[in-house]
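According to Swiss-Prot, the features are:
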type: TRANSMEM; residues: 33-53; note: transmembrane segment
type: TRANSMEM; residues: 77-98; note: transmembrane segment
type: BINDING; residues: H83, H182; note: heme b b562 binding site
type: BINDING; residues: H97, H196; note: heme b b566 binding site
type: TRANSMEM; residues: 113-133; note: transmembrane segment
type: TRANSMEM; residues: 178-198; note: transmembrane segment
type: BINDING; residues: H201; note: ubiquinone binding site
type: TRANSMEM; residues: 226-246; note: transmembrane segment
type: TRANSMEM; residues: 288-308; note: transmembrane segment
type: TRANSMEM; residues: 320-340; note: transmembrane segment
type: TRANSMEM; residues: 347-367; note: transmembrane segment
Amino acid sequence: MTNTRKSHPLMKILNHSFIDLPTPPNISSWWNFGSLLGACLAVQIITGLFLAMHYTADTMTAFSSVTHICRDVNYGWIIRYMHANGASMFFTCLFIHVGRGLYYGSFTLTETWNIGIILLFSVMATAFMGYVLPWGQMSFWGATVITNLLSAIPYIGTNLVEWIWGGFSVDKATLTRFFAFHFILPFIISALVMVHLLFLHETGSNNPLGLKSNSDKIPFHPYYTIKDLLGLLLLLMLLMMLVLFHPDLLGDPDNYSPANPLNTPPHIKPEWYFLFAYAILRSIPNKLGGVLALATSILILAIIPMLQTTKQQSMVFRPLSQTLFWILVSDLFILTWIGGQPVEYPFIIIGQSASILYFSLILILMPTANLIENNMLKW
């Protein structure tokens, strides 16, 4: 008799994706973050759904509805803080996932990589719109400043901004549409995740050595299901520690004041996971130049497969490239720190230097290091 999981049309898909999937035997814990991202997405959708049951997308009541969730709804406070801090966990996993792809050369699987970039943009858009919903001071001014950047686009900029706002300023129409998009986007992201996995399973997963492992594979279950479960437990432990002990650690105190269009906060800044891009934006004195640099800082990931000049896929045996990779990671930490600082000396010059280094590393230094390593190995 045929096994149901191998014959049933639906079970067959799940079986080929998560149970009998041939997997390289040597993938390390850096490969855990894909499943952790799936778990983060599930947590965000579930908590978000419960929050949406009590939230009202209206400028007069949005702030008080969030307060009502925290004070009056049964366990509303934990749902709200799991959602807010879950976003931080999501981005932490996302950045590590992208970093792992860069380090081990997973960007050579171009379809998977490109869908991943679209996913990154979608998650960033969702998180930005979600930050606007509590309608606190930083929500309002963050929405005003970031959407206003589109006015730098020649000819159509101003019309585009007013079209997004639904008026001549950030108001009720903006909040309503941001809530609608924030609600629908996670489901679009879920569909994109399936496409991401579809392309990944077409080629098979990469591994730390960057070698073909077709001749030596093991089933995904039970080996990697157990391994992913351990990662999930650690992630949930970290999330719950954050939620229960330091729920406001990563938030902005200004967001506990209701939105006031007549009072600008002294330092307008986005959530921590956007600070690196915000620092790059601010490091260029010209508005259009800043917007282009901001977009390029993420879009640059799309041209990395074209800049690949090495004969080895992984960085494991390439010490020069490894050094540059960790300099890039350090540079991103510096940019994140600078993004949260006021625009004054010495932060301006540090931000500009870090931005130049960021683009130089990816566009010039790393491809050059690849060529040097090829030459040293006589390839």
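The backbone N, Cα and C atoms fix where each Cβ goes, glycine too.
Projection of Swiss-Prot feature records onto the structure.
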residue: H83; record: heme b b562 binding site; contacts (Cβ under 8 Å, 6+ apart): Q44, T47, G48, L51
residue: H97; record: heme b b566 binding site; contacts (Cβ under 8 Å, 6+ apart): F33, G34, L37, G116
residue: H182; record: heme b b562 binding site; contacts (Cβ under 8 Å, 6+ apart): G48, T126, M129, G130, L133
residue: H196; record: heme b b566 binding site; contacts (Cβ under 8 Å, 6+ apart): T112, I115, G116, L119
residue: H201; record: ubiquinone binding site; contacts (Cβ under 8 Å, 6+ apart): H16, S17, L21
Is it the case that the transmembrane segment (178-198) and the transmembrane segment (33-53) touch, counting contact as three or more CB pairs under 8 Å in which the residues of each pair are 6 or more positions apart? yes
Verify whether three or more Cβ pairs under 8 angstroms connect the transmembrane segment (33-53) with the transmembrane segment (288-308), leaving out any pair fewer than 6 apart in sequence. no
With pairs 6 or more apart in sequence, are the transmembrane segment (113-133) and the transmembrane segment (77-98) linked by at least 3 Cβ pairs under 8 Å? yes
Using a Cβ cut-off of under 8 Å, list the residues of the same chain at least 6 residues beyond the transmembrane segment (226-246) that approach it. 29, 32-33, 35-36, 39-40, 43, 78, 81-82, 85-86, 88-89, 93
